[in-house]
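One structure below.
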Amino acid sequence: MSGGVGSRRRTAILISGRGSNMAALLAAAADPGYPAEIALVLSNRADAAGLGRAAAAGIPTAVVESRPFGRDRAGFEAAMEAELARHGVELIALAGFMRVLTEGFTTRWAGRMLNIHPSLLPAFPGLDTHARALAAGVKLHGCTVHLVTPGVDEGPILAQAAVPILPGDDEASLGARVLAEEHRLYPAALAWVAAGRVALEGNLARLDTPPGPSAERLSNPG
Ligand code: GAR
């Protein structure tokens, strides 16, 4: 794998809860050949279970509680920026981070911030994706890793994984099938961005294509 020790992108994982995707990213980044190193796990909730898992793995953690900021989203994000700067963060992976970010924050981190979403975008943006997929009667569901832009769940798609919806599925069984794919997909997509293998052409993310006049390569390592 390209990258290697000394040139790994310093990455923060932002969480709000359980942190199973975070754990998948930590496991991938435990390989010194993985092109991202996890420099920080940051939560907007002190009670996020993922914080304990990160600390147990020896990863620096920080909490910036969003609640005291109320509607002052810019103030909350400024406090997060201070933590990100303190840890020299270059890339952000949102992993079950349940706060909508401002246009200012998403623009500052454009091309350097990823999110995982539990549906095949652009189908089912927002919440309750598994229940909505079941109610719609779709036969395929899945997950998407995308770059974050100001529009919620709208940024350039990096990778997707599909699963069948099976007779008798409920929200829990379908969610578990999708989650297993999330844990496989997210480490792969973060590696592509961290290794500088993704170029953007407008709203399209291209993997391993030579940069053309309108393509901007992301996160070119050193
Ligand atoms: C994951 O399924 C993730 O895709 C979803 O929250 C869950 C977090 O689980 N994210 C969103 O819905 C974002 N809109 P985890 O904390 O175990 O990774």
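Each Cβ is built from the backbone N, Cα and C atoms, and glycine gets one as well.
A TrEMBL annotation is a machine prediction, not a hand-curated record.
Worth saying up front: this structure is predicted, and the values here are computed from it rather than measured.
Lifted from TrEMBL, the feature list:
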{"type": "DOMAIN", "residues": "10-190", "note": "domain 'Formyl transferase N-terminal'"}
{"type": "BINDING", "residues": "Gly19, Ser20, Asn21", "note": "N(1)-(5-phospho-beta-D-ribosyl)glycinamide binding site"}
{"type": "BINDING", "residues": "Arg71, Asn115", "note": "(6R)-10-formyltetrahydrofolate binding site"}
{"type": "ACT_SITE", "residues": "His117", "note": "active site, proton donor"}
{"type": "SITE", "residues": "Asp153", "note": "site 'Raises pKa of active site His'"}
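Reduced to three states, the DSSP call for Asn115 ((6R)-10-formyltetrahydrofolate binding site) is strand. Counting other CB atoms no more than 10 Å from each candidate's CB, the recorded positions Asn21, His117, Asp153 peak at Asn21.
Cβ crowding, taken as the number of other Cβ atoms within 10 Å, peaks at Asn115 among the binding-site residues Ser20, Asn115.
Taking the centre of the Cβ atoms of Gly19, Ser20, Asn21 as the N(1)-(5-phospho-beta-D-ribosyl)glycinamide site, the nearby residues of that chain (Cβ within 8 Å, site residues left out) are Ile15, Arg18, Met22, Ala23, Ala24, Gly50, Ala95, Gly96, His183. Between the CA atoms of Gly19 (N(1)-(5-phospho-beta-D-ribosyl)glycinamide binding site) and Asn115 ((6R)-10-formyltetrahydrofolate binding site) there is a gap of 13 Å. In this structure the C-alpha atoms belonging to Asn21 (N(1)-(5-phospho-beta-D-ribosyl)glycinamide binding site) and Asn115 ((6R)-10-formyltetrahydrofolate binding site) are separated by 11 Å.
If you take every residue in the domain 'Formyl transferase N-terminal' (10-190) and average the pLDDT, you get 98.
Of the listed binding-site residues, namely Gly19, Arg71, the sparsest Cβ surroundings within 10 Å are found at Arg71. With Arg71 ((6R)-10-formyltetrahydrofolate binding site) as the anchor, the candidate recorded positions are Ser20, His117, Asp153, and the one with the nearest CA is Asp153. When the Cα atoms are compared, Ser20 (N(1)-(5-phospho-beta-D-ribosyl)glycinamide binding site) and His117 (active site, proton donor) turn out to be 13 Å apart. Secondary structure from DSSP puts Asn21 (N(1)-(5-phospho-beta-D-ribosyl)glycinamide binding site) in a helix.
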